[in-house]
Structure formats: C-alpha cells, structure tokens
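Participant: Take this structure, written in structure tokens, and hold onto it; I'll ask about it next.
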Amino acid sequence: MANYISSVLKSLLLLLHLVFLIQQHVDSASIVKFLPGFEGSLPFELETGYIGIGEEEEVQLFYYFIKSERNPKEDPLLLWLSGGPGCSSISGLLFENGPLAMKLDVYNGTLPSLVPTTYSWTKTSSMIFLDQPVGTGFSYSRTQQYNKPSDSGEAKRIHEFLQKWLSKHQEFSSNPFYVAGDSYSGMVVPATVQEISKGNYQCCSPPINLQGYVLGNPITEHAIDYNYRIPFAHGMALISDELYESLKRVCKGEYVDPRDTECLKLVEEFSKCTKGVCQEVVIKPLCVTETPNCYIYRYLLTTYWVNDVNVRKALQINKESIGEWVRCYFGIPYTHDIKSSVPYHMNNSINGYRSLIYSGDHDLNVPFLATQAWVRSLNYSIIDNWRPWMIKDQIGGYTKTYANKMTFATVRGGGHTAEYKPYETYIMFHRWINGQPL
C-alpha cells in the first residue's frame, strides 16, 4: 500500500512539474510599458511572449502584440509575417507598419533611439508580429528533435500558434481576423489562410473569424516573378531597346535557367546591366555596406538596439533562445515545397475571403507586372477597372477590383516592402480594411 501511495505521489509530482514547465514556456507573455531608447511610457499597449508549438511544445515562437489604438474590442486582428524566410517580424514593426521607428542618428556607441510614427496600421487594427519559422528573430527550439520548417509546414505551425494564442486572448476570438505579410510570405500567407479555413470546417472550435488577407509585393511563383523582370527593366530604362527585343525574340519570354546558349548570353547581359541597381527600389542608391547616408543604415541601428541587454530584458526574451539577434537569418534549413501559391489564391477566393494585393511599382525583385500577371490568370471579372487612387489631390497609386473580392493596387514610387512608402501604404490599407473604396 505504501509503495502504491509513493508511486501515485511521484506521478503527481511529475505531472505538476510538467505543467509548470509548460506554463513557463507557453504562458510566457508580458505587458511592456517602457522600452529603452523610447522617451517616456509607450503610447500603446505592447505585449511580448512565446507560444509553444508541437507535441512537446519544443518550438517556441516569439511574438509582439500591439492592441489597436482605436477600438480593440471591435477592430480587426492582423497577423503579420515578414519574408525571408528568416526575417524577423520586427522588420514590419519598426520599418513598415508599426507605431515605432528607429531615429536615424549616426551611431556613436550609445543605445539608438526610437520615435513614434504617424502611419501605423495599429491605428485601426490590433496586430501580432510573429517571428517565424523557428530560428527567426527570437523564436527557437528547446531540442534538436523537431520538424524542419517548410512552406506547407509553416502554414500548419502558424495555425497552431493562432489557436493557442486566441485561447489565451479570448477577448479577440470574435474580431475579424486577417493574415498579412510581404515578400517571401507570399508563399506562406495564402497557404496559411487555406489551413485556417480548413481548420474552421474540420476540427477547431471555436473557429477563427477569418475574413481575408493582405500581401505586398508577394513572391508567388519563381518563373513568373523572374520572367517579368525583363519587361519591367525595359520599362524603367535599365536595358536598351535592342537588348529587350533580342531577349524577347530568342528566349520567347522564358528567362529562368535558359538552356539555349544565345538566350543565356542575353540573360547574362541583362544581369550586367542591372547589377548596380538597387533591386528593392530601383530609384534608391545601391548600398553594399550600412553607412549613415544609406537607406539600410536603419537595419544596423536596429541590430545594435535589439542586442542591448536592457532591451532584451524589457522584451522578456528567454535567455535560452538565441545568442546574437540578426534581422534576417538565411541559414535556416528550410524546404521550399510550395512551387506556386496561385492555386491557394484561387481556393481562398472560392471560399469567399477578401484580399488586398499591393505592389510598390519600383520593385525589381517582384515587379508589379509579375503580380498583375498571376492576378489576371485567375480570370475573374472586373468590377472596378484600372484607375488612380488618391491621397488628397495626389496620385497614391493605381487600383483594380475583381469580382472575387480581390483588390489589386500599386503604390506609386514604392519598393519591395511598405517601408519605402509607409504613409501611402497606410492610407491604402486603412481604406481597404474599413471596406472603403481605394
């Protein structure tokens, strides 16, 4: 009898220990009221934390959550995924659509400063900025035994993250929910939307109040994205008429891994012509190093800021997570198993979800021509034809709306991500998320 009682007690103690460990990791969320480098208390509500993913919750995904500054009880809830794969979501928070930005002072050895922005999407929406896949930003694995990330696998992990996050934040379970991102997240976001939609029908209660998704300059299919660089470069006067006509005649519109020797030579000539161009926004100087007069200097300042011991303490970073933080880590063993996200867009449209697809019109990486091409391939009827959308009396870009609830828009003068035209992108998003015509 004594042995039996002892065994039961040991089992109970083990169970309590496991519960404690799970609580340590899964429920590790903290309200952040002050951040080093920002003067005074934060003028918005910021929460940071980890959510455990997997059977043993070995993967710990880190997030920043900012409540809507308007009406968090009713405003939409957005999940933001940065590209890469392997780029921290702080890229969105500090450069693209968050309420804070780096103050662009020359680094002098002291902690870089933060300043408030006027273009934050959190003015009208609550936002979760998620570091994914594992190995990105502050997300990490407690063991080496976990499923290596992939496009389709990330869609499932993100869905699991959302289910667990919403179970801890049930006050947001009825808010309209959207998935958003840019660049490489163009491969993951549509698959994530489909995964959530499938979960709502098959398994999960309560369902996530999924309404749609937002994508900026999304990578969609390598061949489409690359093939349209040539006509885009010609339109931007980066290559000559003669080279463009030769490329069209010899390569017949297929410029990816050409087997024809003459086509290969012409593609190499194209590469030489565009080698000195900033791929993200062709009108910006190409910067090799992060010097103070360069646009990407803010990335260096962010690295200094995030790696400060007091900043990491304020953000409640688990000490076991990572060593030095990097904005984009491209050493993640990642499987690119979705070759085209176009079928996911088609399925999501059939299921009735709204979508805003926007393109900075000076991006050479994913030209607006490529995005236009796959949107056009969906073959949906047009309900609002090509027209300028305005900010006061100035053209912010051009837009077209389709019968499948998809809106396509360009951002005039914009680049690969929203950071190049954050105010204009905010105006566009604000109108769309509130159901207004652009």
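Glycine residues also receive a Cβ, built from the backbone N, Cα and C atoms like all the rest.
Fair warning: this is a prediction, and the values are worked out from it, not measured in the lab.
According to Swiss-Prot, the protein has these features:
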- SER183: active site (ACT_SITE)
- ASP363: active site (ACT_SITE)
- HIS416: active site (ACT_SITE)
- CYS87-CYS328: disulfide bond (DISULFID)
- CYS251-CYS263: disulfide bond (DISULFID)
- CYS287-CYS294: disulfide bond (DISULFID)
- ASN108: N-linked glycosylation site (CARBOHYD)
- ASN347: N-linked glycosylation site (CARBOHYD)
- ASN379: N-linked glycosylation site (CARBOHYD)
- 1-28: signal peptide (SIGNAL)
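Let's see these features in context: how buried, what's close, how far.
Facilitator: Mapped onto three states, the DSSP output places SER183 (active site) in coil. Just so you know, the Cβ of SER183 (active site) picks up 24 other Cβ atoms within 10 Å once every protein chain is counted.
There are 27 other Cβ atoms within 10 Å of the Cβ belonging to ASP363 (active site).
According to DSSP, HIS416 (active site) is assigned to coil rather than to any helix or strand. Taking Cβ-Cβ distances under 8 Å and a sequence gap of 6 or more within the same chain, the neighbours of HIS416 (active site) are ASP182, SER183, ASN217, GLN279, GLU280, VAL281, GLY360, ASP363, ASN365, VAL366.
In the three-state DSSP assignment, the secondary structure recorded for CYS87 (disulfide bond) is strand. In sequence order, THR136, SER183, TYR184, ARG327, CYS328 constitute the residues six or more apart from CYS87 (disulfide bond) in its chain with CB-CB distances below 8 Å.
Cβ neighbour count for CYS251 (disulfide bond) (all protein chains, 10 Å cutoff from its Cβ): 20. According to DSSP, CYS251 (disulfide bond) sits within a helical segment.
The number of other CB atoms found within 10 A of the CB of CYS287 (disulfide bond), across every protein chain shown, is 13.
Counting only residues at least six positions away in the same chain, no Cβ atom sits under 8 Å from the Cβ of ASN108 (N-linked glycosylation site).
In this structure, ASN347 (N-linked glycosylation site) is part of a helix by DSSP. Take the CB of ASN347 (N-linked glycosylation site) and look out to 10 A: across all protein chains shown you find 16 other CB atoms.
Within the same chain, no residue at least six positions away from ASN379 (N-linked glycosylation site) has a Cβ under 8 Å of its Cβ. In three-state terms derived from DSSP, ASN379 (N-linked glycosylation site) belongs to neither a helical nor a strand segment and is classed as coil.
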Participant: By the DSSP assignment reduced to helix, strand and coil, which category contains CYS263 (disulfide bond)?
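Facilitator: Assignment for CYS263 (disulfide bond) reads helix.
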Participant: When you put CYS263 (disulfide bond) at the centre and draw a 10 Å sphere around its Cα, which of the recorded positions CYS287, CYS294, ASN347 have their Cα inside it?
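Facilitator: So the list is empty; none.
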